[in-house]
Every structure is written in structure tokens, then in C-alpha cells.
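Database features (TrEMBL):
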- Cys20: [2Fe-2S] cluster 1 binding site (BINDING)
- Cys60, Cys63, Cys95, Cys97: [2Fe-2S] cluster 2 binding site (BINDING)
- 186-371: domain 'FAD-binding PCMH-type' (DOMAIN)
- 214-221, 304-308, Asp317, Leu361, Arg379: FAD binding site (BINDING)
- Gln723, Phe754, Arg868, Ala1036: Mo-molybdopterin binding site (BINDING)
- Phe870: substrate binding site (BINDING)
- Glu1218: active site, proton acceptor (ACT_SITE)
Amino acid sequence: MISKYNTQEKKILHFSVNACLTPVCMLHGAAVTTVEGIGSTRTSIHPVQERIAKAHGSQCGFCTPGMVMSMYTLLRNNPAPSTAQLQQCLAGNLCRCTGYRPIVDAFRTFCTASTCCQRRGPEESCHRGKAEQDGIMAESKDSDQDMCSQLFKTDDLLPLDETQELIFPPELMLMEERREERTLVFRGERMMWIIPANLEELLELKSQYPKAPLLVGNTNIGPNMKFKGAFYPVIIHPANVSELHSVQFTEEGLRLGAACSLGHVKNILEKATAEITSEKTEIFRALVGQLCVLGGEQIRNMASLGGNIVSGAPTSDLNPILAASKCVLELASKGGRREIHLDENFFVGFAKTSLRPEELLLSVFIPYSRKWQFVLAFRQAPRRQNAFSTVNAGMQVVFKDETNVITDLRMFFGGVGPTTVFAKRCSKELTNRSWDENLLRQTCELLLDDISLPDSAPGGSVQFRRTLTISFFYKFYLQVWQRLQQLLGKEDPFGANIPERLCSATIPFSIELPRGFQSFQKVFSDQFSGDGVGQPVMHLSAIKHATGEAVYCDDIPRQDGELVLALVTSTQAHAKIVSIDASKALQLPGVFDIITTQDIPGKNIGMDEILCESEVTCVGHIICGIVADNQRHAKMAAAAVKISYEDLEPLILTLEDAIQHKSFYAHFKLGNGNVDAAFEKADQQVEGQIHIGGQEHFYMETHSILVVPKNEDREVEVVCSTQDPNFTQSLVAETLGIPYNRVTVRVKRIGGSFGGKVRKASRIAAIAAVAAHKTGRSVRCILERGEDMLISGGRHPTLGRYKVGYMSDGRIIAVEVSCYTNGGNELDYSLTVMQQILSMLDSGYHIPHVCLNGFVCKTNLPSNTAFRAFGQPQAIAITESWITDVATKCGLSAEKVREMNLYRGEEACTPYKQIFDSRNQLNCWNECLQMASYHNRKISVEEFNKLNCWKKRGISIVPLRKSVGFSESIFNQAGALLHVYEDGSVLLTHGGIELGQGLHTKILQIASHELKIPRSAIHLSETSTEKVPNTTPTAASFGTDLNGMAVKDACQSLLQRLQPFMDENPKGTWNDWVKEALNNKVSLSTTGFFKGEDVSIDWEKGEGTIASYFVFGAACSEVEIDCLTGDHKNIRTDIVIDAGQSINPAVDIGQIEGAFTQGLGLFTMEELKYSPKGVLYTRGPTQYKIPAVCDIPEQLNVSLLPRSQNPKAIYSSKGISEAAVLAGCSVLYAIKDAIAAAREEIGLTGNFTLNSPSTPERIRMACIDQFTEMVPDCVPESIPWAIVV
């Protein structure tokens, strides 16, 4: 939080910012408050910190400080905020773990009364009534005495006391009051930062340094420097120039200083629209609508109005409105001032304007609107908030008084060219025309002529973008029509009313905070006081997450002489390395050395090459590394390394390329029954295919490694954000040519991983270890987000082609599927992922005859790897695709076909002949149907669709079945180490990694339960290979199952030693027994070990056991789509999961919600885009969008199936961390259901393909209508901007 004193208003202003965009030089005269400053465990914690922790709003904890500070800033400005303010507050924060609901619940406790009751149970009433709240849990099993719905208590939370907040430093206030007009200059190693005292000095500086940028918020210049390599020797920061911050209302309109922040502009415009008559504030309201979704509050607090304009960004959301409404720009230079209109002449090229080099933008004049003038803005983006628009528009029309005759029409579009584009011809030809039905088609044709895009235009999606331009106009057309009707006081000013069915096109989606209901089984047993098993216990590190005291790898203090490693990666997808020239790099300041394959003392091959030696096989292939004294010097030097290549053929990027070239790592086959005979017996057959795109892990903490070489015996200590310390240890040892016992790998916690920190983390650790070996110094390597995404790979893109034989009543008797996965340039985990896909293609359904083929494709992309749920999300998407195809062909509802084909009974049999009890599959299905009030809501959806043409709703319920555990038996083992000290305190270590999934919390609960001592008496140390050797990866939802049993074994071993003393002194305490054992020379240190079940599949025979057990579930989702833009809104999701007897319901429900949200991203919005040369475009949060708080279903209900048992895991629990990823599939098929309703409008009732993710582009282009038909197809021979891999 940044705080500044405003001398004019005599007021202290608080605002949240992004630290990465805030140079220290900008903070002169400001007070900075970080999460550590508002509270800590050493002093006292702040109510914000306490509530996010106690409400279970922190999992991995890496994003928690940002959440805390956003909320803290909101409370400093408004101690009793509304829920709308809370929504805006959180819009700029991202979380990959929680699914946001617990964070919202935590912070909602600070809010004033909401528009809907925040009830904690179904028995409480809601004034919205049953129609809207239908079935939120009205028919829930919570009526059973066994169930509970309270995850945290609100009656013992710390109150918010404004009087106890930090005061603004008086010396800063005094400094501002007495500030003299003087220029400040800060000089760095290569650049100079100047803060002029006044406008005159600013204009003089601009004349002296015409190429120097004016930096106000750093939201444009900062990213250019960081990501595009831009360098500015001089930067001018006009923070003290009052004219640039002025706000002046005149008789004609509003004049805003160009340096006013977008957040300040938004507040001014909102206040003006509330106080000034609506006729005069048309432009203001249009701007507010865009500002509410432009970035998050952290961005708006920094970015300036002038910066947004002069950056000339073609996707600016403000420029089209400002241009359409004839806003005036006041420009200033040393030679004087001039005014120009912000119009098509202002933008002269990509990121270029008509400003002269010595000029600056001084102010922006926004005129008042008048009666008969209408101004509207439109945008469509990959995410509703905090995302650049794909296409946006600003449109203004002025009519002759008391008529529908156009006197002026101006339409500007963003995202359809290198600049903001004026539809000049269209606007000119429609002047003096009447606003009626005859206008529409001609306008669309003229717009398509005005807005032309080549098929290979940057950004791609050419048909979609062109369709959006005319779809936006149609929305404008309808809204203006409605407004004219109101003004003219006639129902039919054009001789016809707007049909009610069309009006939904004029209503934008609202953004609501998620709310929901969580249900789990109460614990009724003779547990000792303080036993937490079965209770919603707070995450072990939650408070430390919230205070910033939790230590991650990069938080470890720098050591003397420590070096930083930067990686040099390939820029070619398939090429021979001709030469590596590091001469210039080694001459740069701070550079220590280069690390190449020649420096590796041991083996260069683990599973794959550690450093590429002669041939690169993907863009991002690691070739060498540079070590320097700091991160900046290392990155500069890495960029200076020159590598010459010789291109090689073939270049294989897509699955189609691999199929054509037969480029496969492996082919697996799985079958059961007689498929050919079954197809002949089937009444009907259907064929189809679906493509499921890849997914980036997007863990909050990127790959982080610190390697510390010891001074003797070639020992090495590695601190690494890895899920598999054992593999990291072995790879580092092999690379250095030393025994494993010389390498110690330590992991305290990881800021998220989701499968992405096994192979690549270990490889980077090995490279860092080579650097440490060569230099004799500690070496740190922290990847930036862009290079992490480029190097690390993700979820496998998958193509499923299927043929299904079925009976007319919907019974499916035969399925033939061929699956292709994009494995990338190295094998990694691709074989196991394909095995998981094939083994789970039956999903929750019994199919008598199957033939499944799986091909792992070798391509020239970075190798894809393990990802949460490990291939099974791709499997369920393929399966549900042919389920819906069969339902459509049979004329049946999809849920009826699903239900009739479900596995049933105690001895269900999979295609690979694994017998399992499927009864809980049906129990989850029925529970979800009831909890979601599915049948009633389906009727409501159908009724809604009849009444609305341009908005459609869809609903879908899908069964879930997820295998748990490793399919390789060697991994099904775990160890633990337990020490008891003389004071009775316990130190516990096990082989699992705390990734944010609450593993340590559950382990602590288990140890406390076994030893019957308070959790506070037990300390969980970090995971270390010197404490517990030969660990297995923490993955496959199996961490608690394995390590929990090992800890249980250690505890029971210790209790056996203490039992004689307990028998002798049954009334004694734990400390008494420990002291007596010590006196009798009994060891109080013990190990525990667990040997898990042997599982494996014989792929030659197609028989075996894929997993120890299955997690069952069901998910029901309802969505609403905008058929004109492809936008969609997640209305509600109900999830039932069979978690067995949950060890910690709060952790489990949090994992379910987080996994669902990740699945939601996979199936609806997370899209990886590659160039035809294999370059990943989507590198970072600007290009790659994960779900934000605005994307979560407005109602998210989770229930753990009651009375479930699991004899195969500790305390009858189940590993559920991954299962709900599959639940995201319910949203995909709800969207498909809504699209099907849209297609029915023009008589299209057959099957159609909806690939994943169901982005706005895919939704819009599937909703075929008169507008999509007007846009011509791209020429097949053209080279696309991006390819589908």
C-alpha cells in the first residue's frame, strides 16, 4: 500500500499498487506499507490477516500477502465497504489454489449488509426467495444430524479498530507542506530519473530530451523495459507538476489533467454521473463502464489517463470512446500550446501518435453530452476483468431533435488494426438516414468494408474479431432503438416494436461475488480434547502466509559472494547449433562466467539432456547459462549470448503434423469385448472428435533454486521448489559425478506446483549445481514468469477421435477411440499420461465393448509434463463429447443417457478388468441431482431460452471418477522420522512436500491423534533428503495416504516403547512418560515406513490395476452465454465428492474448489497460442488468463458425500486434491448445451464440435447467425498468426 499526503485536500490518500511496476524513484515522499508492517506473529496480527487464515483462504500462501494488502487498503479508505467494493478490490489479484470463495468469505465479514443474506445454512431464509435461490441446499442432506456447514467461526474474530492503524509519518506530511520547488535527479548505473519541479521545467526537459518518455504510472514503460528490452537513458517523472493533475468542470464539460490516475478518473466520473443530469453524462457513463473492468485497482491506481491515450495501444478501451465523442487534447511544448481532437488522425501507427517529440499531453477535455446524443462502449476480452480487449468499440450517434434521423454517427474500434480504427465510410454514408430496420444490414456491410483484417493479422482470430465489430453495432442499434422509443414517447417510432426476445442483447452481464454452501459430515466419536481429525482445522502455515513470514526459496537471505544464474534458451524450434559466442556477454559488468556442457563433471543425461549440446528441438531448449553478481546483470548477459543455428527438417508442432509424419514416442492399446461385432449389433453409430488444448501450470512461485557448495567432501546443499526431492538429489548427484549421499535437498514449502515441479525443477537445479561447482560459490536461479512458461511445458494437448455404437434407447454398447497427445520434444511423463487417459476413458460409464488406442506424439515444442489429474481431464472431455453426441442423435437429454450407462454395483469391472465398488458413483450422482435441483432448473433453463434470442442458458451434470495413487508400484511407499525431546516436544519429518494442499496440516492432525497430544506440541520440520531418504514424488493425490501412514507407523512404534511407562503410571502425563523413558535409556527417536499396494497394468494383455482406489463425484453447472459476443457467465455449480471420512473438511473442500477452478480455466479460458515457428505467444499474465474472482460461479456449492468409507487409506479418508479438476468439464458441456439452444434458433439441431477451451471465440463462432454468415472464411492457404497444437 502506498500512502501520500495531498496538500490541497489536506488528506492522506491510500492506494494499492503492484510492487513489480513501482520503481523506488516513484516513492519519493510516500509511505510504503507491506504485509509485514501491519502485523506479525511476533507482535500481533491484523484482523485482515487473521480472517483470511481462519476462513481457510490461504493454501500455498504465495498470493496471500497480495490479497491481504488489497483488502487492508480498502479498509483504510472505507472501514465498512460494500460487497461491490470488495469485488473491485479483489479483481486485480490472482490465486491458483483456493478458487477464491474462502477469500471472499473471509473479507465479506468486513462488509456492510449485502444485497443477499450471507446465510450459513439452508434452514435460514433468504429474501430473494426460492425462485432465485432454488435448491441452494433446500433439499440438502444438511437436514441430517450428521452434517455440518460451518468451516470457521465468526464470533471470536478480532474486531477492526481504526484507531489502531499505522499513522502516516508526520515528517512526510511536514515535508510535503514545506516542499520547495526544485528538480530532483536520481542517477543509476545506466540511466537518469528526473522529477521536474513545475510545468516550465518539465517543458524545458522535454525540449532537451525529446526521446525521454514521461513516466507517470509505469504500466506501459515498465513492461516495455522488462519484456521487450526497451532502454531509456533518461526518464521524466512529472509527479510534482500540478497542471497535469488538475480537475476542472466547465459549462461545456470536464477537463482532466493527463497525469490523473485511471482510478481517480473513475471516481470523478462516478461522482459526476450521480450528481449531474443523465442527458449530460452519456460519455461519462460509457467511460466508467470501461474503467470498471480496465485492469485491477492496482493498475488503475497507477496508470494515467494521458498514458493510456498517448501509448497508442490498439486495444485501449478508452480511446474509442474518447474519439467517438470528440474529446479534445491539450498539448504543450516549450514553443506553446495547441488543441487537437482525439480522432483517427491522432493515431499514425502501432503505438505511435501525432505528438511531436518535444510535446506532451497536458489535459483531456471530455464534453458533456446532450439530449438526442447517445454514446455507448463495448468490449470483449479473454476475461471479463483485468484483461486486454480482443475487440472494443466506442460509438456515438446524434439525432435531429424529436426524430430518428441521424445527424452525426461516429464509430471507433480497437483490436482490429495497428491503431484505433475509425469506421469512416460507414459513419459518413449513414448520416441523414433514419434509425430503422433497413439501416442494420447496410451498416454491417459497410463496417466489414471499413474494418478489414488480413488472414495473418497479429493476434489471429480474424473471423471472430470481424464478427464482433458487427455484433457490437447490433447491440448499439438495439439499445439506441430502445432509448429513442423512450424519448419519443411512442411504442413504435419506426413502425415496429423491438421483440422482447431480442432485448437480452442489450443487457450486459453483471459481476457478482461468489457465494456458496459447504457441507461435510460431523465427527461423532470419543476423540480426546484437541483431536483435530475430521475437524476443519486451519492450515498450519496460514497465519505466516498472511503476515508474510512464511519463507519460500527466494526469501532465503543472500550469502556473501552468491551468484545468480540466468538461462540461455533456444530461439529455434528444430536446428543444429553451429556456434555459441559469449564474448560480449562476458565483458558486461558483474558477469562471472558461462556454464556449458563442457563444465558438467558427471553425466549430461538424466532422462534427457541437462544442457543441449548440438541440436535444439524446441524454442526454449536450455543451451547454457550465465552467472553474474545479480539478476539484472545475469539477464543482460544471457541476452547478449549469440547463438548461430542451422535449421533442420521436419518441423513438427501440431498433432496433425505428428500424425502425418508418424512421429510417435509410443502406441498403447486397451480393449475389452468384441467391438466389431458390437458395432454390427448396434442400432446406430456416431463418429466425431474433440481437441482439448494444453494448460499452463501457472503456479504463483516460479521455479526457484539455491545451490550451496560445501567446502569439503564435495557436499552440496540444494534448496529447491520441487515436488520430488529424491529425483532432484539423484539428478544433481549424477550431473556432478558424486554419490547421492553428498547431496542434500531441502524443501520448506512451495508456492504451488500442480505437477509442474518435478522434472524441469530438477533439471534447473542440476544446471545451478554445475554453476556452483564451477565457481565455488552459492548460485541462485529464480525464473521469471515468461521464461518459466516458455521452458516448463504443461498439460498435454489432446485429440480424441471416436466412433460409438449405441441402441436407440441410448444404451452404449461399443466405443472405439484413438487419442493423440502432444508430448513435446522430450518424453518426460508423457507415457504415463497417455496410460491414464486410456485407462479412464470409460469415465463413470460401463461400456461392454471398447477398443482404445493412444499415440504419444513427438513434436518440436517444450516437453509437456505432469499436471493435476494427470490426463484424466482430457479423458472425461472426450467421453462426455460422445455421450452428448449419442444423446442428440437419440433425441434424449444428456443426463438420461449418462444415468442409464453409469457403472453400478459392488463389483463393477473396467475395460482393463479392475474390479471396484461403484455404489458411491451412483450415490454422488443422485445427491448432486437433488442438491442442484437439477430437473426443476432444467425446466427453468428451457423456459429462459424460449424467451430470449441472444442470451442462452445451458445446464449439464456429469459423473466423476478419478483414480488415486501411482500406477508404478515403486512410488507407493513413504518414510517418516519422529524425535521426542526431553521437554515432551515432538519434531516430525516425512517425505512429502507442502505444496499448498495442506499435507503438513493433515500430517500434524494424524500425529496428534495417534500420540494423543496437542498439535501445538508437535513441530513439522522441512522435508529433507538427509532426514527421510528415497522419497516419492508428492503427487497423484497420494501425499496424505502414503506419508500419513508412515507417520502413523512412527507414532505407533514410539507408543510401543512408551507403553510400559504408561501402564506403570496410567494417570501420568505425556511429559511424565517421556521423562521416564529417557531415564530408562529408551530411544525416543524412531522411523516410520509404509509399503503401499502393488498396482500395475500389463499393457500387452490389457489387464491390471491402475490405482489403489477411486474418488467418485458428480458436478452440475449452469451457464449463460451471450450469443453475440461469445462471453459467458458461470451462474452456479454444485459439486458432490466422495472424500471418504475427511481428515480435514476445510482443507478438502478448499482443494475441491481450487481444483474445480483450475478445471474451469482448462475447459473455458486458458488458451496457449504458438506461432507457426513454434514460439509460445502466451507467456505471462498479460497474454495467458487464468480464472479470476469474476469468473467463479455466482453460487458454488460443495458437499462431501456422507457415510462413505475407504478401507484402503488412513482413517478411511480419500485423496481428493485432483478429482474436482474433472468437474470443470460440467461447465464446458453446459456451454455446449447453451450453444445448442442458440443454434436451434436457425434450425441447426444436429451434433457439432466444441473444442476445449470454450473461449469467447469458439462460443461466438459456434452460435451461427446472420452476422457470422456475413464474415467470409479465411483463405486456407494463408499462414495463420497462431496454430492449434
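Cβ atoms here come from the backbone N, Cα and C positions, even for glycine.
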Open item on the list: Give me the CA-CA distance between Leu361 (FAD binding site) and Phe870 (substrate binding site), in Å, as a whole number.
Closed with: 53
Task: binding-site residues compared (Ser304, Asn308) - the one with the fewest other Cβ atoms within 10 Å - done: Asn308
Task: Env. residues of [2Fe-2S] cluster 2 site, Cβ within 8 Å of mean position of Cys60, Cys63, Cys95, Cys97 Cβ - done: Ser58, Gln59, Gly61, Phe62, Thr64, Arg96, Thr98, Met700, Gly751, Gly752, Gly996, Gly1154
Task: Lowest local Cβ density among Cys20, Cys60, Cys95, which the record lists as binding-site residues, within 10 Å - done: Cys20
Task: Cβ neighbour count within 10 Å of Phe870 (substrate binding site) - done: 29
Open item on the list: Please list, in sequence order, the residues in the chain of Cys97 ([2Fe-2S] cluster 2 binding site) that are at least six apart in sequence and whose C-beta is under 8 Å away from its C-beta.
Closed with: Gln59, Cys60, Cys63, Met700, Gly752, Gly996, Gly1150, Gly1154
Task: Cβ contacts of Asn220 (FAD binding site) (under 8 Å, same chain, 6 or more positions away) - done: Ala303, Gly307, Ser311, Ala313
Open item on the list: Take the mean position of the Cβ atoms of Gln723, Phe754, Arg868, Ala1036, the recorded Mo-molybdopterin site. Which other residues of that chain put their Cβ within 8 Å of it?
Closed with: Ser753, Gly755, Gly756, Ala866, Phe867, Phe870, Leu995, Thr1034, Ala1035, Ser1217, Glu1218
Task: Cys20 ([2Fe-2S] cluster 1 binding site) versus Leu214 (FAD binding site) - Cα distance in angstrom - done: 19
Open item on the list: Spatially, which candidate from the binding-site residues Cys20, Cys95, Gln723, Arg868 is nearest to Asn308 (FAD binding site), comparing Cα atoms?
Closed with: Cys20
Task: Least buried by Cβ count (within 10 Å) of the binding-site residues Val216, Ala1036 - done: Val216
Task: Mo-molybdopterin site span - longest C-alpha distance across Gln723, Phe754, Arg868, Ala1036, in Å - done: 12
Open item on the list: Nearest by CA distance to Gln723 (Mo-molybdopterin binding site): which of the binding-site residues is it, out of Cys20, Cys95, Val216, Asn218, Ser304?
Closed with: Cys95
